[in-house]
Ligand code: NAP
């Protein structure tokens, strides 16, 4: 007599290389290090992924949310995934009648519908849901395969000449093409040319620095805040492919754009909601967008408070210094932290937050407060620690509050 054959079936987690913008969010989010990348693709290790779904909501494009049901023995290896330009179709899988029950690693898959089920909020540090009143974002209207074009209508340096930080404000106009965006979303720019392996450069992601109704109200345009990259992460000389391309663009040049991306790092729309914004350097882009939207709405009766903590090396290297410091004090409570002012002690945003602990605590106590953190990866620990210290000092139990902020879409982190 034949013994029953037990065949293991796997709901294999895959990343769509055509949509992925290589932002590294999934790799950073994965609590069990099941995601890795090379110069071409981000891939999921089939024998490590447990389908916890922690990586799905933070992915700005939805490229992460792809699943194929395969025999476990036939799962695509990471080496195979590295060679892909497109995802394989779901094949038909003939199982012998005697096959045992499916024992795939997946437990909470969303079947590509983009909706995460049963996510353990504890595994991620920020919210995986938008504020309840956020407007509904459009995502992936344009992809690597069908990018759209925008014309450069402005490109100027934001930081003082002579400083090391060459940060540009770049305005892109879409003319009559639809490109609806919300504050907090990002777009991808496809730089011309190809990488060392001969493949076209993949897109680089930039947060939008302008509000939904345009850099100039009523125009179909967006602005970006781009720092020219001249060093790699070790400090060796290196020329950033896309940042140099963008910073050198002239008025009238045409760029290939994909996106928009992002469906959680969005601002609340109810007019009495408060924004606590914490950023460093070019991480100010979404804060500028939100602030400007609120400034325009304030004229129409928005009453919520805005508190900003903004860190840069020096005053001369802080993007938007002039316009920011000209905003009325009763509209936005701005706190700057400079780390490299000659003759002064190093000061980070988290130091400035501690100095304003009473007011930060008041915002933390208020259910209408939404917190946004954007900028250097390194700031995340320091900022979360200062929020914890401030909460604890003021009788708020941080761990419970942190979980609630995440559940209610009130703590958003975007750091690179
Ligand atoms: P930067 O000039 O290198 O740094 C800005 C400030 O942050 C400096 O004062 C720096 O101090 C300080 N800093 C360094 N480590 C810190 C820490 N652990 N905690 C708090 N502050 C710290 O910044 P940048 O080059 O503009 O980089 C901004 C980051 O934002 C980039 O990683 C970028 O990818 C990211 N981002 C950009 C966008 C965009 O749209 N362009 C959007 C989202 C995020 P030191 O003097 O110690 O260096």
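Any Cβ shown, glycine's included, is placed from N, Cα and C.
Some features that TrEMBL has for this protein:
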BINDING   207, 227, 282, 339, 340, 346, 375, 376, 414  NADP(+) binding site
DOMAIN    11-40  domain '4Fe-4S ferredoxin-type'
DOMAIN    41-69  domain '4Fe-4S ferredoxin-type'
DOMAIN    145-267  domain 'FAD-binding FR-type'
Give residue numbers and ranges for long-range contacts of the domain '4Fe-4S ferredoxin-type' (11-40): same chain, 6 or more residues beyond its ends, CB-CB under 8 A.
46, 48-52, 54-55, 58-64, 66-70, 75-76, 78, 81-87, 104-106, 109, 123-124, 140, 143-145, 188, 195-197, 199, 202-205, 258, 261, 416
Reported mean pLDDT - the domain '4Fe-4S ferredoxin-type' (41-69):
91
Distant-in-sequence Cβ neighbours of residue 207 (NADP(+) binding site), under 8 Å, six or more positions away:
184, 185, 186, 224, 225, 282, 283, 285, 286, 289, 374, 414
Between any two of 207, 227, 282, 339, 340, 346, 375, 376, 414, the residues recorded as binding NADP(+), what is the biggest Cα to Cα distance in Å?
27
Set of same-chain residues at least 6 away whose C-beta sits under 8 angstroms from residue 375 (NADP(+) binding site):
278, 279, 280, 281, 282, 283, 284, 311, 415
Around the C-beta of residue 282 (NADP(+) binding site), how many further C-beta atoms are within 10 angstroms, looking at every protein chain?
24
Residues of the domain '4Fe-4S ferredoxin-type' (11-40) by DSSP state, where helix covers H, G and I:
5 helix, 7 strand, 18 coil
Those residues of the chain, 6+ apart, with a Cβ under 8 Å from that of residue 340 (NADP(+) binding site):
313, 314, 346
